[in-house]
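As recorded in TrEMBL:
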| type | residues | note |
| --- | --- | --- |
| BINDING | Asn121, Lys122, Thr123, Asp124, Gly174, Pro175, Ser176, Gly177, Thr178, Gly179, Lys180, Ser181, Thr182 | GTP binding site |
| BINDING | Cys258, Cys263, His265, Cys271 | Zn(2+) binding site |
| DOMAIN | 71-234 | domain 'CP-type G' |
| DOMAIN | 82-232 | domain 'EngC GTPase' |
Amino acid sequence: MSRHSDLDLGLVVRGHGRHYIVEDSEGQRRVCHPRGKKSDCVVGDEVRWAPSGSDEGVIEAVEPRRNLLFRQDEWKTKSFAANVDQLLILVAVEPVFSESQLCRALIAAEAAGIPSTIALNKTDLPGSEAARERLAPYRAMGLNMLEIALKGEPQASIEQLTPWLSGKRSFVMGPSGTGKSTLINLLIPDAKAQVGDISQALNSGRHTTTTTQWYWVDGERQSALIDSPGFQEFGVRQVEPAQLPLLMPDLRAHADHCRFYNCTHQHEPGCGVRAAVEAGQISASRYRIYGEILAELTAKRW
Ligand SMILES: Nc1nc2c(ncn2[C@@H]2O[C@H](COP(=O)(O)OP(=O)(O)OP(=O)(O)O)[C@@H](O)[C@H]2O)c(=O)[nH]1
Ligand SMILES: [Zn+2]
């Protein structure tokens, strides 16, 4: 047992520089400061904290994490959230989503051991058949898929999403213009108030669109939506090159049919992955994206 185990447990619901908002078991929120570098934390962390002054607190320790969702590019690492139950990747019929960013988000989630669901929004628009086709490889590899029209069919969309969200901490990610704000406002009628209270405490109203937000979906505080910007420029440098195909379920299914145990699935003879691409069992675009990410991961680091 840690020496802080007699302190209250709290949940980090927002981070802003070196300040955090910590929610206690009664749902009360307060600004907390970490004690020392060791107690650096991210949204979703469970922390041991002690009151300081009249209404603030000190974070003494961060409890061990179940998982950590993050992206890592050449120069920096950005942690999105800890202790996430599931990832919702929101894409839309319009604007057309980047398949490369989609793949990267899925790989980061897989590497963190977090299951993903893809929700296709704006299915009321005429291009929905083409979008469905682009997502066919993802459906085929067993990913959970939802189809929604948050503006067009709000009630049906709520009915699709609610059981999926129930009792879970769901991290939502999606490119700009996909309908993320529409989703939050539809599912969480008091979303503005939840963010506003925090922004006031942190005096950080201007930054609400650049930091991760925690929303409780229900009054009992059992289901949460965690909203974060940062779907673009999604680096996955945390992944070892040899691990990459194992984090892509469609490639993984064929990777053990290769002649060489350390096959990179690029140009080796007797490659099961390339044979599957040629046979149409792995989509050409997924294979191309695999090659691009692999090149990034194996590029010389100075
Ligand atoms: N046709 C259609 N339009 C939708 C639907 N859902 C959202 N939209 C529209 O898509 C646009 C973008 O929605 P937002 O919710 O602002 O998207 P966002 O992802 O929050 O975008 P950013 O604020 O740029 O991050 C808005 O004009 C919405 O009205 C839908 O189901 N069908
Ligand atoms: Zn191979």
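Along the chain as shown, the residues are counted starting at 1.
Cβ from N, Cα, C; glycine included.
What TrEMBL says about a protein is an automatic prediction, not a curated fact.
Annotated features, which come from TrEMBL, shown on the structure.
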residue	record	Cβ neighbours (10 Å)
Asn121	GTP binding site	27
Thr123	GTP binding site	22
Gly174	GTP binding site	25
Ser176	GTP binding site	10
Thr178	GTP binding site	25
Lys180	GTP binding site	23
Thr182	GTP binding site	17
Cys258	Zn(2+) binding site	20
Cys263	Zn(2+) binding site	21
Cys271	Zn(2+) binding site	21
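Proximity to ligand 2 at the level of Cβ atoms, with a cut-off under 6 angstroms, picks out Cys258, Cys263, His265, Cys271 from the binding-site residues Gly174, Cys258, Cys263, His265, Cys271. Straight-line distance linking the Cα atoms of Cys258 (Zn(2+) binding site) and Gly174 (GTP binding site), rounded to a whole number, equals 35 Å. Across the residues of the domain 'CP-type G' (71-234), the predicted structure has a mean pLDDT of 91.
Using the Cβ center of Cys258, Cys263, His265, Cys271 for Zn(2+), the list of other same-chain residues with Cβ within 8 Å runs, in sequence order, Ala255, Arg259, Phe260, Thr264, Gln266, Glu268, Gly270, Gly272, Val273, Arg274. Of all the binding-site residues listed here (Cys263, His265, Cys271), His265 has the Cα closest to the Cα of Lys180 (GTP binding site).
Only Lys180, Thr182 of the binding-site residues listed as Thr123, Lys180, Thr182, Cys258, Cys263, Cys271 bring a Cβ under 6 Å of any atom of ligand 1; the order follows the sequence.
Ranked by Cα separation from Cys271 (Zn(2+) binding site), the binding-site residues Asn121, Thr123, Gly174, Ser176, Thr182 are led by Gly174. Neighbours of His265 (Zn(2+) binding site), defined as other CB atoms within 10 A of its CB across all chains, total 24. Residue pair Gly174 (GTP binding site) / His265 (Zn(2+) binding site) shows a Cα separation of 29 Å. DSSP classifies Thr182 (GTP binding site) as helix under the three-state reduction. Pairwise Cα distances among Asn121, Lys122, Thr123, Asp124, Gly174, Pro175, Ser176, Gly177, Thr178, Gly179, Lys180, Ser181, Thr182, which the record gives as the binders of GTP, peak at 19 Å.
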